[in-house]
Each structure stands twice: as C-alpha cells, then as structure tokens.
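Enquirer: Structure in structure tokens, see below.
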Amino acid sequence: MAMRRPKSRRGAAQAQPGSGEPCVTGREKYLRQECATLSEHIDLYTQRMKDFEGQNEGLDKEAREIRENNKAYLSYLAKRTLRCQDAIITLNDQNRSELTQVLKQKEELTSQYTDKEKEVRSQLIEMETKYSLMNKEVEELKPFKELQAEQLARIRELERELLAMKIHHSEQMHLVKSRFLQQKAEYEAESQQKV
C-alpha cells in the first residue's frame, strides 16, 4: 500500500507543471517531502528485512547444526544400545543363575513389603473404626450434658492417638519402603556388576 501511493503522487506531480496553477509549487513540495518520507520508511523496512534475513540464516544454520548433533547422538545411542544388547545376549549360565537369584530375592522383599503394608493398613483401619465408634457414642450421649465434656476430651485423646499412630505407621511404611528400595538397588547394582 505504501508502494502504490508514491507512484500515483509522482504521476500527479508530473502532470501539474504543465497546468500553470499557482498551487503547483506548494503541492509538488508537499509530495516530494512525503515521497522522501516514504523512501526513508522503505529503506528502513528494507534494512529490517535484511536484518531478519540474516537472523533467519543464523537460525537455519543453528538448526542444521542441532539436527547434525542430534543425528550423531542418536547414532551413538543406537550403537551403545546395540552393545548393551549384545552384552546381555552373551551372558553365560552362571550370570543367568545369579540374575535369577537376585530376582527371587527381589520377589521376597516385595512380598515382605506387601505383608507389612497390609499389617499397617489393618492397624489404621482398626484405629479408624475405634474413632468412628467413639463418635457414635458421643452422638448417643449428647442428651446427657454432664457426660459431654468427658466424651469430648476422650475424643480429642483418641484423635491424638490416631494421629500419633498414623505418623508412626507412616514412618514405619517409609522405613520399610526405604529398606526395600535400598536392597532393591543393591541387588540391581550387584546384578549389573555381575552382568
């Protein structure tokens, strides 16, 4: 749109010298000023376009380098994976037997962890049942105002016990899980070393 306007005004400026009207000089001056302004804008936008083209070339070059690096890295990973697969395939019978033993120990640890988890969950359910029953008793004893304060105190005590039990069981669960993960990591590390 900025390219079309200078053309039409240059045409008008060329037609006016022959008209002989007094306003031609002022209008021609105005058109020349506007043409110069538009030319500056065109030069500015042209320079910006060149700058963008230069930046685009730099980005294209960087993208090509990244693609080449990615190809090289993927090739390295493929070769490394192939070597690892070859190493696994070439395991001897002794290593296979030891790996089987490690997996068996892992299953035993998993079973122990599961049993401990069930035990802790059972204890938590038992405590929650006691808490629920106590709440029910409190509801039944609401008409007896003289017992209300005592029952509320008992509820708070049970809540503290439940919270302490949950914290204790949570710590036990965390400890069991940590031991399991540690032993699992040791067995896996041992297995990897034997492989």
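Cβ atoms are placed via backbone N, Cα and C, with glycine included.
Caution: TrEMBL annotation is automatic and unverified by curators.
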Enquirer: Under TrEMBL, the annotation region 'Disordered' belongs to which of these stretches: 1-25, 26-50, 126-150?
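Expert: Within the set 1-25, 26-50, 126-150, TrEMBL attaches region 'Disordered' to 1-25.
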Enquirer: How many of the residues that make up the domain 'DUF4515' (70-192) does DSSP mark as helix, as strand and as coil?
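Expert: Within the domain 'DUF4515' (70-192) the tally stands at 116 helix, 0 strand, 7 coil.
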